[in-house]
Amino acid sequence: MTKRIRLGVNIDHVATIRNARGGIHPDPVRAAQLAAHAGADGITTHLREDRRHISDDDLINLEKGITLPLNLEMAATEEMLEIALQHRPHAVCLVPEKREEQTTEGGLDAAGQIDSLKPIVAKLLAAGIRVSLFIEPDETQIRAAKALNAPVIELHTGHYANSVNEELAAELIRIEQAAKLAKSLNIEVHAGHGLTYENVIPIAALEEIAELNIGHFLIGEAIFIGLEASIKRMRYLMDAARAEDKVDFLVKHIAL
């Protein structure tokens with residue numbers, strides 16, 4: 001039987017909406033609790049150096065207010081390392097970060113930063129925190145992750161999400177080959193960035209991928225159909241992608 005794929009829901013943009021006017025509404029913790037009820041397997045949040053959405057207080061409140069595993073995305077800096085070691089989330093995903101970017105634009109250059117990343121990864125692992133690296137689906141980067149003893153990688157699916165036709169097919173093959181390589185090296189494979197109802201099934205169908213992290217699309221879709229419905233439909237599509245008899249699955253389940 002094909003193993004169920006996990007869904008991590010990123011709640012950053014609940015905080016983005018809150019911060020547009022200030023105050024406390026909408027509450028990221030409440031969103032995380034609703035995500036759990038809707039079928040999420042974990043909660044992901046990115047504490048940026050400029051605190052443009054999630055704040056330090058949000059991180060504290062999430063620790064207290066949720067029961068799902070918390071995956072903290074962060075830059076590989078001493079400040080963020082100190083915060084991670086203080087809070088000890090279930091997992092930390094190291095990501096590249098530029099102050100001028102609207103969102104994460106690409107994968108971490110693990111191969112070019114081995115010397116600086118190695119002590120950060122080692123300290124996080126020593127604290128019992130699962131470490132992942134957000135990287136491009138590239139052999140050099142995957143082998144660098146292995147050299148850093150990172151137990152998990154998250155493959156950047158942004159280029160796939162922005163592609164069409166032949167380029168889309170090529171990006172999917174690239175992701176599949178990267179996932180197979182990582183699994184052969186005993187690295188757990190996650191994926192995320194730009195995934196939607198329209199493009200998630202081919203990625204979720206890749207058996208080597210254990211988890212997808214999805215945020216912006218789910219929060220945007222929630223404006224129209226509600227957060228729980230938004231997440232439940234994504235969960236449904238991911239399950240459909242992993243069903244051994246996809247036709248039978250679709251017949252037995254009512255599409256949301």
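Cβ atoms are placed via backbone N, Cα and C, with glycine included.
Residues near GLY194 (3-amino-2-oxopropyl phosphate binding site) in space but far in sequence (CB under 8 A, at least 6 apart, same chain), listed by position: THR157, GLY158, TYR160, ALA161, ASN162, PHE217. According to Swiss-Prot, the feature 3-amino-2-oxopropyl phosphate binding site maps to ASN10, ARG21, GLY194, GLY215, HIS216, an assignment based on sequence analysis.
Sequence-distant neighbours of ASP12 (1-deoxy-D-xylulose 5-phosphate binding site) (same chain, six or more apart, CB under 8 Å from its CB) are PRO28, THR45, HIS46, HIS53, ILE54, GLY215, HIS216, listed in sequence order. Per Swiss-Prot, 1-deoxy-D-xylulose 5-phosphate binding site is recorded for ASP12, HIS13, ARG48, HIS53, THR103.
Cβ contacts within 10 Å of HIS46 (active site, proton acceptor), excluding its own Cβ and spanning all protein chains shown: 23. Taken from Swiss-Prot, the feature active site, proton acceptor applies to HIS46 (among others).
Summarising the annotation, Swiss-Prot assigns active site, proton acceptor to GLU73 (among others) and lists sequence analysis as the type of evidence. Around GLU73 (active site, proton acceptor), the same-chain residues at least 6 positions away in sequence with a Cβ under 8 Å from its Cβ are ASN10, THR44, THR45, HIS46, LEU47, VAL92, CYS93, VAL95, PHE134. The DSSP secondary structure for GLU73 (active site, proton acceptor) is strand.
Per Swiss-Prot, the feature site 'Transition state stabilizer' maps to GLU154; the stated evidence is sequence analysis. Cβ neighbours of GLU154 (site 'Transition state stabilizer') (same chain, under 8 Å, six or more residues apart in sequence): CYS93, SER132, LEU133, PHE134, ILE135, VAL189, HIS190, ALA191, GLY192, ASN213.
Residue density at HIS193 (active site, proton donor): 26 other Cβ atoms are found within 10 A of its Cβ, drawing on all protein chains shown. If you look up Swiss-Prot, you'll see HIS193 marked as active site, proton donor.
It is HIS13 that, of the binding-site residues HIS13, HIS216, has its Cβ surrounded by the most other Cβ atoms within 10 Å.
Comparing ARG48 (1-deoxy-D-xylulose 5-phosphate binding site) with HIS193 (active site, proton donor), their Cα atoms are 16 Å apart once rounded. When other Cβ atoms within 10 Å of the Cβ of ARG48 (1-deoxy-D-xylulose 5-phosphate binding site) are tallied across all protein chains shown, the result is 19. Non-local neighbourhood of ARG21 (3-amino-2-oxopropyl phosphate binding site): empty, since no residue in the same chain at least six residues away has a C-beta under 8 Å from its C-beta.
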